[in-house]
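Asker: One structure, as structure tokens, below. Some questions next.
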Ligand SMILES: [Zn+2]
Ligand SMILES: [Zn+2]
Ligand SMILES: [Zn+2]
């Protein structure tokens, strides 16, 4: 390794993929942290005095995010109340190790930790869902529920912000993926550093301009403990292709990642192009492209003993929902009070 | 970070649309529903010869006609490049001009061959030029020959309808306008931009207000992804759309952008046309961003052709961001966006570079050190840059005085 680019006289420990400079350990720590501070300050990510939930999975990104946020909060006096938010899907064996890591984070960084289970959020554990629907389709459930779990959790805890550990590599990969599958709505949103999930709790990405390789190096040299197992959820085909392409591009020049993010930031969807508009789910009030969000459809299926509802095509879902609604209506009984009964003769309350 | 996608995965979009084996003899033509089909496009649409040719011609004219840009008697520069797309393009033009119906093409094509085949020997290049002249005159067009190397190096464009002087040292001459340590990605990018600029200059010399290039869907998709990778997102609409509006006098049109190679090849075969062929240079997949992306898209075209179509369509629906356009890039004529207070990727990289070269001053507190570097950052921000984000990275390698 050559000497540190700052001319401090020390031997460098890494070559920065973002700029090609080489840094020693001490200079790397300060540069790494100051860059995240610069991002937070320049993008005005947090309001002083706010409560921030850090989405903690026990993985390297969220561990480094928690560590650095705590450090910057003290050094630069953000005056933030930080807490860790973890989701327990209730899959026997899967979360145990990573939750242990999160608990370690809690103790090491002296931050409150809130673990919310699927049971808390949805009334069902993943194991119970699997028992209900069999192994084959449980990915659909887990995926949909996981996407909403953090939002629901943040809402439940009444925090002001939800910070996630998405890094520069993740964002570049998402840009490429959205181009491959022609998802214009997400293409124009995926590079935003702050997004709104519809409940007034902004989701922020302080590590947006931080490279994955540097996150790993930072955790290694700071001796941070994290859970280093790959996500058990296989990426979809488009993300898979995007990931392979990005890895190949990085071999030629790692700073391509910053180019891709810049491209994403400079793009906008043509006014004439029709893109699906997002609305709120009429049942749970979360952002959705349909009247009823996928999580609510799946939940309804589970609660009504129709677990396959929502797994298939959306036309089929609509039909099943409709059939279900009809069944529901038929269960209304006249009792001469509040609502009009299906028989139009008398008023009924809705019996669930 | 977990890569679980924040959207719903229907069965239809979970996997790339796959290619299925189809036996043509079991089918009827998609269009006339009578004849036995002879071509299968996009692995699903089967056509008989007549319907296929009619469809191809219609598609070509529809795209040109829809925009109503070209008016009767306009002179239109046709950028001829060796291969199937150019041959099909010449045939579309000739048969369109020779029609006696209201569908006749009424503009005046001016065919230009801008020669840049330096990977070949001079003998091979001379042979190619002869073949190109023969092909173009077979279509009853006048040929215009221009040397790319001479145009760049002499900063002067010479158009000949007879002959082209080719030299062994053309390649070295081109290399001499670039700094030695330029990497292959940047070199390719510079040459692409210069090629476009020279075509525009030729068009101006020949009084043409339009240029037609023979790019196919694969080229468009490759270009789009390459642009994204080079940080030229704001230029995607001009660089991959039907019309490149960047020059105020000369517009570049791409009427073959929804065709794929199979379509133009079959079009040529059914019309008994044999294009000129060129030995392709042997390039390593990882030699540059362009070759890597090209490899990726070619692979998609072979295995998941619908995805290439998706990429092209995505490009159609993009516009450059809603930032204010401050200027045009001196090199590529791309837009330069007005600096805003919003943090972006370019700024983040600049800050990282500054930090990585700043000695930590232990006499100051951490906060004061940060304030010092931020002051430095703010005072060195160039608000009057003359190059776009992407060209600002390559302009330093160009040794020419004036590239416009
Ligand atoms: Zn150092
Ligand atoms: Zn037919
Ligand atoms: Zn430029």
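Indices start at 1 and increase along the chain as displayed.
Each Cβ is built from the backbone N, Cα and C atoms, and glycine gets one as well.
Curation does not apply to TrEMBL; its annotations are automatic.
As the structure is a computational prediction, the values presented were derived from the model and not from experiment.
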Asker: Name the residue, out of A:36, A:40, A:87, A:193, that TrEMBL lists for the same ATP site as A:55, A:56, A:57, A:61, A:165, A:170, please.
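Answerer: Answer per TrEMBL: A:87.
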Asker: Identify, in sequence order, the residues in the chain of residue A:165 (ATP binding site) that are 6 or more apart from it along the sequence and have a CB within less than 8 Å of its CB; answer 'none' if there are none.
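Answerer: Within the chain, residue A:165 (ATP binding site) has Cβ neighbours under 8 Å at A:55, A:57, A:59, A:61, A:62, A:64, A:65, A:205, A:207.
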Asker: Specify the count of other C-beta atoms within 10 Å of the C-beta of residue A:87 (ATP binding site).
Answerer: 24
Asker: If you count other CB atoms within 10 A of each CB, which of A:61, A:170 wins among these binding-site residues?
Answerer: A:61
Asker: Within 10 Å of the Cβ of residue A:55 (ATP binding site), how many other Cβ atoms can be counted across all chains shown?
Answerer: 24
Asker: Around the Cβ of residue A:57 (ATP binding site), how many other Cβ atoms lie within 10 Å? Please give the count over every shown protein chain.
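Answerer: Summing over all protein chains shown, residue A:57 (ATP binding site) has 24 other Cβ atoms within 10 Å.
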Asker: Looking only at the domain 'Cytoplasmic tRNA 2-thiolation protein 1 C-terminal' (A:280-309), what is the mean pLDDT?
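Answerer: Average per-residue pLDDT within the domain 'Cytoplasmic tRNA 2-thiolation protein 1 C-terminal' (A:280-309): 75.
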Asker: At a CB cut-off of under 8 A, do any of the binding-site residues A:55, A:56, A:61, A:87 come close to chain B? List them or say none.
Answerer: A:61
Asker: Can you see whether DSSP assigns residue A:56 (ATP binding site) to helix, strand or coil?
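Answerer: Looking at the DSSP assignment, residue A:56 (ATP binding site) belongs to neither helix nor strand, so coil.
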Asker: What are the sequence-distant neighbours of residue A:56 (ATP binding site), meaning same chain, six or more residues apart, C-beta distance under 8 angstroms?
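Answerer: For residue A:56 (ATP binding site), the qualifying residues are A:62, A:63, A:66, A:84, A:85, A:86, A:102, A:105, A:113.
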Asker: Can you count helix, strand and coil residues in the domain 'Cytoplasmic tRNA 2-thiolation protein 1 C-terminal' (A:280-309) using DSSP?
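Answerer: The composition, in the requested order, is 10 helix, 3 strand, 17 coil.
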